[in-house]
Amino acid sequence: MIIGAKQTHSLWQRWWPYLVVILGALLVFGVAHDDQLYQTPILKIQSVKQISSDKQSDQFNNEDRQVEQELDGVITNGNDKGKKLKIENTYLKSQATTLGYHRGQKVFLTVHHNRNRISATISNLKRDTALAFTVWLTVSLLLVLMRFSGLMALTSVIVNGVLFWLAVSWNTHTQGGIVLAIFGGLAIVFAALTLLIVIGFNRQMLMTLLATIGGTAIAIIVALAVFALTHERGVYYESMQYVTQLPRPLFLAETILGSLGAVMDESTDIIASLMALKTEKPDISAKQIFKSGRQIGGEIMGPLVNVLFFIFVAETLPLALLFLKNANSWGYTFNMTMSLGVVQSLISGIGIVLTIPLACGITSLMIGGHKSWGRLQR
Amino acid sequence: MGTITALGLLLLICMVAVGGTQGLQAWISLLFNFGALFFAMVLMAFHFSPVLVTLVTGIIVLAMTIFLGGNDSNSTMVAFYASVAVLILLVILIIPIEHWAQIQGFGQEDSEDLEGMSTILGISYLNVAISTAILSTLGAIAEAAIAIAAGLAEILEQHPKITLKNLQAAGFKVGSQIIGTTFNTLFFGFFGGFLALFIWFAGVHYSLGEILNDKILVGEVLMVLFSMMSVIATIPLTTWAMVASERQARKKV
């Protein structure tokens, strides 16, 4: 019986990722047919006819084509289910603010009842299936290739996602008055939880947590000092997007969160390598630990800063192009679209670099012994 | 002095103080990557094909980041080849998904930024969205490839006689060590940057359905997912590239 249990156990161990893949595929299929769950009417486009296509230009000599299309489709949910509709849609070929639609797509409608006739305009494209599919693809790849460590990575991301949303709601309840306190405090909770999941509760985790919080805090303190010394010249808070509350604390909260992950990544790497080193060579001195840590950190800091740089700055590309096409100078375009992303990358970069001595110092203090640390200082 | 100049110089000082020559190289690669990104944008504004410009920029950026980051020539070569392979796979994946989700351009949340702007642009914003997604993953690909290749190079140095099969297993082991923290780097990097948008959603009381179909949000989440997939794909591809290069090296001996 014990053998039987063992066999089912190993069978389960071997095949669980594929089970999740199959269940996920069913879920994606469900999302593709979830129209009934929406209260907004949904139209499935059955045929598309192009009515006209005219040249358009503006005062900056940009040229584009304006296309008019007629969409035929059927409503797939709600009271008007099964009714056929004809909708006209006009879009610019560049599709920066307007969209052209294709056969087979589903769109959300704003329906107007006018006596017995109904007419409608399109309010949005239904994107949930594409989103669900990509989530499914990522999770499948993660679990099939990385198995248990993949599951842990996924868990930590989900836990952080839920906490993130709770924090956002809390911020809304307090009208954004204490945004910095909420997200600063939550950064600590985020770091603690993530490290608990990734490392487990032990001395190594506590050291990593200390280095992470310290590194992020130093980055923000240094940034505030530089802001004060340079009077924030060249920091254009008015260029922040989607701002519904005071921009400066919001910007700092964004920067704290943005650097947190990278600083945590780095401290984990450095401290884990140093702990392994200590196991391998138990008589290693504090000074040597510090030196090895600095070398490991030196190798990873460059790539890590670049990770954040591309995340922060690449997403400003669409808006920056819009500014350039509206005949703004390169300098003005940079200031109004990219500068805040660059400031964020630089602050995170400083945090990432200064975390190295911090993590090395903590590790050599904790596992090198006080005496050998004393030798280093002399 | 402007704030950006001051922060940039301070970063240079910190990097050199901590990493010496390697720190200087890291700072130069950051500066170079900024130049490459800006140059790519200007080329797109002059109507060069965004996807093509991005592919070329992407390969150059990967080369600069990887070769200026590492110092062991064999492992950096492997990391570079693997990262280019990941980049190409990613492009093949991103293009159909972006066509499907149509998240290009600006959403209703952007209307304030667009006030008084002409949207007659003559550039396909679908291609711009594809380029944005590719560019935002470059750093993550380079970082993961360097981490795996460097980890394997160290194992090879310590155990030069390790079997190729064990080397492959070691690659996945290194991968499983970095995946958790790398995912969180990506998660916080992206979601930290879009905190304002989430606060907007909560403040205006978007329904779950509205959020899951919102152009900006879906676009953003897709970018996180592409980055995560690129990191996942980097682990086996870099490991296989390392195994292949080691097999070649052993044949010669």
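Every residue, even glycine, has its Cβ placed from backbone N, Cα and C.
Bear in mind that the values here come from a model prediction, so they are computed numbers and not experimental data.
Pulled from TrEMBL, these are the features on record:
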TRANSMEM  A:15-32  transmembrane segment
TRANSMEM  A:129-146  transmembrane segment
TRANSMEM  A:152-170  transmembrane segment
TRANSMEM  A:177-199  transmembrane segment
TRANSMEM  A:205-230  transmembrane segment
TRANSMEM  A:304-324  transmembrane segment
TRANSMEM  A:344-368  transmembrane segment
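Sequence-remote contacts of a segment are chain residues at least 6 beyond its ends whose Cβ falls under 8 Å from one of its Cβ atoms, and for the transmembrane segment (A:304-324) they are 96, 241, 258-259, 262, 265-266, 330, 332-334, 336-338, 341-342, 344-345, 348-349, 352-353.
Outside the transmembrane segment (A:344-368) by six or more residues, the chain places 203, 207-208, 210-212, 214-216, 218-220, 222-223, 251, 254-255, 258-259, 262-263, 266-267, 270-271, 274-275, 278, 284-287, 289-290, 293-294, 297-298, 301, 304-305, 308-309, 312-313, 376 with a CB less than 8 A from a CB of the stretch. Sequence-distant contacts of the transmembrane segment (A:15-32) (same chain, at least 6 residues past either end, Cβ-Cβ under 8 Å): 128-129, 132-133, 136, 139-140, 143-144, 147, 150.
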